[in-house]
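Student: Once you've had a glance at the structure underneath, I'll fire off some questions.
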Amino acid sequence: MATLEAEALRKSFGGIEAVRGVSFAVQPGEMLALIGPNGAGKSTCFNMLNGQLRPDAGRVRLAGRDITGLAPRQVWRLGVGRTFQVTATFGSMTVLENVQMALLSHHRRLGGLWTPVRRMDRAPAEALLARLGMAEQAGRPCGILAYGDLKRVELAVALANDPRLLLMDEPTAGMAPPERAALMALTASLARERNIAVLFTEHDMDVVFSHASRVLVLDRGTLIAEGAPAEVRANPRVRQVYLGSGAMQGGY
Amino acid sequence: METLVLQALSGLASASSLFLVASGLTVIFGVSRIVNFAHGSFYMLGAYLAWTLVTSLPRGHLGFWGGVIGAALGVGLVGLVVEVLLLRRIYRAPELFQLLATFGVVLIVQDLALLAWGAQDLLGPRAPGLRGSTGILGMRFPDYELFLIVVGPVVLGLLLLLFHRTRWGTLVRAATADREMAAALGVNQRLLFTSVFVLGSLLAGLGGALQVPRESVNLHMDLSIIVQAFVVVVVGGLGSLTGAALAALLIGELHAFGILVLPKITLVLVFLVMAVVLVLRPHGLLGRPQDRAQPATGGAEPVIGPAPRPLLRLGAAALLAAVVLPPFAGDYALSVLTEIAILILFAASLHLIMGPGGMASFGHAAYFGMGAYGAALAAKWLAAPMELGLAVAPLAAGLFGLVFGWFCVRLSGVYSAMLTLAFAQITWSVAFQWVELTGGDNGILGVWPAAWATPKLVYYYLTLTLCIGATLLLRRVIHAPFGYALRAQRDSALRAEAIGIDAFRTRWLAFALAAVMAGLAGGLFAYAKGSVFPTFLDIPRSVDALLMVLLGGVQTLSGPIIGAIAYTGLQEQLVRLTDLWRLLLGGVIVALVLFFPQGLAGAARARWETRHGDA
Amino acid sequence: MTGWVIGRRQVLAGAGLALAAPTIGRAQPDLIRIGEINSYTAQPAFLQPYRHGWTLALEQVNAAGGIDGRKLETLHRDDAGKPEDAVRLAGELVNAEKVALLAGGYLSNVGLAISDYANQNRMLYVASEPLTDALVWSRGNRYTYRLRASTYMQSAMLVKEAAKLPARRWATVAPNYEYGQSAVRWFKELLTRARPDVSFVAEQFPALGRIDAGATVQALAAANPEAIFNVTFAADLTNFVRQGATRGLFERRRVVSLLTGEPEYLEPLQDEAPEDWIVTGYPWDQVNTPDHAAFREAYRRRWNDHPRLGSVVGYDTVMAIAAMLRKTSAVESEAMVDAMSGLRFGSVFGPVEFRAIDHQSTMGAFVGRTVLRNGRGTMADWHYADGKDYLPPDEVVRTLRPQS
């Protein structure tokens, strides 16, 4: 069964249709890329998947269960981790504490009034950070972290609830090229290892074509192509859409 | 029918006066996000200056109108001085910190006005040519009120022209809509902020000056207008001129007609209006959502770690002193120490929602007072012993905290703070007017401690145990997952929600917990004083709590403790030292604000970190 | 050690010193200390003249040799209008400064708070100004005495005049707090008793200090009363008078007004002072009894100003305390409280007695009409209404005051 199914999603803002009937599915262990030029509706699509936006029409199913209209925190409880285009972490907490928060929430221990956080879920949080190569940064406040490191913190946080689905909105934006490859390779290996379905948007075509197992192309709210990276790269319509931007060559 | 028309006209005249003051406040807030407490003081200064000018200039049109304009310009100049010497230096301080500075200005102006113009109310001359009245539907209506009805819309029109037809105005609107964008556009922010503050002050001065032919000029004008002006600004939507005009109209007319039906509504009407408007429209009538007020310090809020060893040692030493020394102190010292212990808990409870919670409250006294009244009413009507009273206090306050908090924590920023104020004032007016139950402003007397706790030393230890215990508990909560969740939703609502944290519920429960703690403080205060009065719930007490937290530093856990000790100690000493204590206290506050823009504990932490390197 | 450690130590040390210092035996045998608490910063218009009157009396008593050779000394404290601060300051004065008795109070709730403190701590409290009836009646206690004529007494003085008027339709306007509410309640009750034919057709309760005068005046006019009972004072009064005069509210209507004849409230109105209102007050320039003339002259010499009513209240509070001290057997609470009971002394206004039955003094007030003379308001056709004639019969008082 597909981990995530989107069915005929629609959303308009003030009369302008941002997403017009998009359907697709993500399989366990798969790295699915959602690409498209600026304003194609990628982020809107993304935000409807985890409940940040409510679709005007259409359904979202997680492992067969209808989750349309659930709040993001409820979607998270069902095993969906998410990273943001502009990183969102808790700036007044250390890297470790950020991960601990996700773990504590996962274990439903956030109502605690007595035991200090520093004594809770520390070991698993450290293990997770070590897996992401962030062990040395564990004690640093997120407020002063480099952007690339923040992206990794977000990934760690998103992985904390043992997700079956990862939603990553431009996971490598703001990183140097070697860093990007490393992060995506790591993600891909985690996805395989834990059988996680990954859906990500990305501007960097190198990243897309070297790490995605499948690619979806969105233009003006409609899905215009879907398939293996090589197929999509060869698709004339896709080339046309991307022609002006030159983004097919990689980089920005 | 005639009556209703005239009542409507009266309402229009009040609305116009109210708008004049509120317009300046909303313009200042829109651009600089400063909650300018001193706006009422500028209004009062405008009235006093106008009185001086008008009575010393030759009589006639030139003397009068020249005096009014001169006063407005003079107040604009005062605004310039305040902005350049004080506010400009602290724009980057944590949110609301500027409020502390402007409160210092309020205190200073109060004493300076008393020194300059004396205590007696002053009556200025009426406006030449507008002394009489005009017959409307067979009744007489004052010409000057008609003039005021015209002035409000004219000023609104001129301001709208200024904001829409000049480059400067465009910049102001851009800055109001989006500060960061305006900064990115290369706007000279310094100049913009200064000029806007001067314009706002000038409008306040004009508002005050135009009251001279209507009202006596007196030393209470500042505080009587400031809260109303804020209500107008918030009801209209922060930063929205047209909204302020609408709100002034709404309040002016509701007041004019309200008193025909319910004469005693006068105390609470504006707050009822504000509560209803904010519950229905969380950003006021015409306001837009505020950009989430991140601390302007550039970085995020500091990490909260376990207290460093020297701080622990110091805390332990202070606590030891607080336990060991009092038996050697006199009764008065004991009662001051008791009060300080209570205020520490009160400030710490507010800090929970202001610091980790990231919400401001201008009405925290409601829960303090509710605790006090809970205990006192239990004592008066149920003959409850002190032990029971002290249990009732936090419960009563917590219950109201749950109810009021449910509405307040849905809103953000200043809107939320003003809704807490509205609820606090509604509670206050109930305590004030429900004479049969609460004794009205004469309060409830005879709330003395149980026999065993009557000796001052015993009561001090009781208070110390409960207050320090509760304060430490709050500290513990902040270090526990719940406190982390509270900070999490403050740092990033998006991320919090994305990892399953219910931000609303977290804030709501924190609000209620803060109310419980404030209620305990209030209950202890009631038995310490032996009586309970509506002043326990009134605005000055809420402001005191706010000042203590800000003075200590909102970003540190020891901030409220240091703040409560410093503020209470300072005030207690100054009041006994001199009749001009407000001048001194205001001066000290201004100095502290300039030298320690992170608050006292914040400054100490910064020093500590520079010495010992960043963690 | 870091800088702030020192800072905090200094704060603590400073506070500790200041707290401890006054307790070190300052009570000197040749001094009698009075602790005086008032809302100086909150109500300066009334309390500056009060303080001047107080100081003058103190100087006179001491110049005349004090009390059996012991000088009087006063420690003044500002409660800033907060009863809870007044309680703290009372504690300071009693415990740290070792004052012999407490005095002062302007706001009613501050007076009640001090009174309750005094009762709890067995200290004599001579309340100078708070008008609330509760102070001597419903919440009266053994340790509290009050100088000034109460809300009830002043209302009763005006009712006597109001009952003589032909008016039958009355409206009332009063500030929305205890003083305003009880003044209106007494006025209605007493006037209805004297004149069963009157009716009250409108009432307005503007918030204290925040009257919306235009709307209030219009609302009163709408009810078309024949007469108005006014309790507003200070800034509210000015605004009310200005709007009322321009809108013709006072034409062909009689106004009976509490306290308006006091120079504190009449003088700021200058040439706009209303004419022909029936008021309680203090015609300082026309009272020429020897006692008052001497007081007025001494006050002018000392302060280069004329006295206000506050000056008289401050002056007579000290004089009452001095008279009590001359009578008491010892400077000790119980003895002083006993000495206060039934104490007679010569006030500026004439002989006054602190009644044993309810601890209220019989100090009266002047009742008359307002007139404009030389461009300022003053009183005419006035008489001194002796307080003893405006208190309820003893058997009624006993029901009003808890009897222990």
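Placement of Cβ uses the backbone N, Cα and C atoms for every residue, glycine included.
Unlike curated records, TrEMBL annotations are generated automatically.
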Student: So which range, B:41-58, B:167-184, B:437-454, gets flagged transmembrane segment in TrEMBL?
Tutor: B:41-58
Student: With an 8 Å cut-off on Cβ pairs and a sequence gap of 6 or more, do the transmembrane segment (B:99-119) and the transmembrane segment (B:64-87) reach 3 or more such pairs?
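Tutor: Between the transmembrane segment (B:99-119) and the transmembrane segment (B:64-87), contact is present.
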Student: Going through B:41-58, B:64-87, B:388-407, B:414-435, B:580-600 one by one, which has the most CB pairs that fall under 8 Å from the transmembrane segment (B:508-527)?
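Tutor: Counting Cβ pairs under 8 Å, the winner is B:388-407.
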Student: State the residues, same chain only, that lie 6 or more residues beyond the ends of the transmembrane segment (B:580-600) and have a CB under 8 A from a CB inside it; answer 'none' if no residue qualifies.
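Tutor: Answer is 86, 89-90, 92-94, 97, 100-101, 103-112, 115, 547, 550-556, 559, 562-563, 566, 570-571, 574, 606.
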Student: For the transmembrane segment (B:225-250) and the transmembrane segment (B:64-87), check the count of CB pairs under 8 Å (sequence separation 6 or more) and say whether it reaches 3 or more.
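Tutor: As far as Cβ distances go (cut-off 8 Å, pairs 6 or more apart), the transmembrane segment (B:225-250) and the transmembrane segment (B:64-87) do not touch.
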Student: Return the stretch with the most CB pairs under 8 A relative to the transmembrane segment (B:414-435), choosing among B:64-87, B:146-163, B:257-280.
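Tutor: Going through each listed stretch, the top one turns out to be B:257-280.
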